[in-house]
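Down below is the structure, laid out as structure tokens.
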């Protein structure tokens, strides 16, 4: 390489690199700053642009002031490489969720339900008013969790009493179509609710999406222990819907509820007989394909050595809430009532085949709860009619034949 007089010897980058890789003593690795002249701010335009660096073309070529030289170089290669690997702004951008695909916890995505409950103690009725459902979450579509392809739902509400949930104690609202903000303002009533039910029962309220071509889909549910209610007072709720909670499988299946029956008892001292009144039934299990039953009631006073204690009501066609208002008399001494058990069974009448058992209940000295209390109240209050609601279960009292 030629050298003019008076000039300092120079060496090209290629030659310098060649020297570094030649055999011999290990030379220190050159820094990038050794190969390029220092620029006021940043790399030269030919260098790759890394991170949020400013172009030197837009930077004045004037010398940097003392204040600026003391300030850390924000655009240095080391700072730029560090920023490229861990830029706070880049991290925040990656963590930002997709609003359209946002899926938060179930207490927001499943929706909320507004409703009110009232226990009418005098009439043994539980009134459930279903008002509306909504989901006031600004980062999600307002309303219920959409279940259909059009982003909407066809919601309805159904009620069950636990334990002992069955089709017999299911109530449901009408279906509202293509909405995420349904307003029902519909009152559903359970009849035959006793003080004992209010202590041990829980009301399950489920919101579902009706589908004509497939199975209806579950949206969410909430559960209210009835012991939270005060008699004859309306209590308002606005609850978040939750995932479907498992039902306690340890429940005795023999206690599955099949409906309610109102029975009256009266001991007539003048005639020395027990008067049993079958007044009405409510929420009976549907036994026929049309969704109804043809119910009638039978009564027995056990033990019955002569098998003459059987009485039967008339059949009521196509109903789950029949009214009978019939009375039967059993000639019996007052002292013998402590040895007797009254068995009441409800049947579905069928033509050409065996009648279906719907449910039954036993009252007497060996009963418990409301059934025992009803029997004792009859014994203590002669010549007074005592009316009570009782729960029918699928357990057949005694060994009965139709």
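Cβ coordinates are placed from backbone N, Cα and C, and glycine is handled just like the others.
A TrEMBL annotation is a machine prediction, not a hand-curated record.
Look at TrEMBL and you will find 40-107 tagged as region 'Disordered'.
Feature annotation from TrEMBL assigns compositional bias 'Low complexity' to 52-65.
The compositional bias 'Basic and acidic residues' annotation in TrEMBL covers 68-78.
Among the features that TrEMBL reports, compositional bias 'Acidic residues' is placed at 96-106.
Mapped onto DSSP helix, strand and coil, the domain 'C2' (109-241) counts 13 helix, 65 strand, 55 coil. According to TrEMBL, the domain 'C2' annotation covers 109-241 (among others).
What TrEMBL records for 257-390 (among others) is domain 'C2'. In the domain 'C2' (257-390), the DSSP tally of helix, strand and coil residues is 18 helix, 63 strand, 53 coil.
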Average pLDDT across the domain 'C2' (257-390)?
94
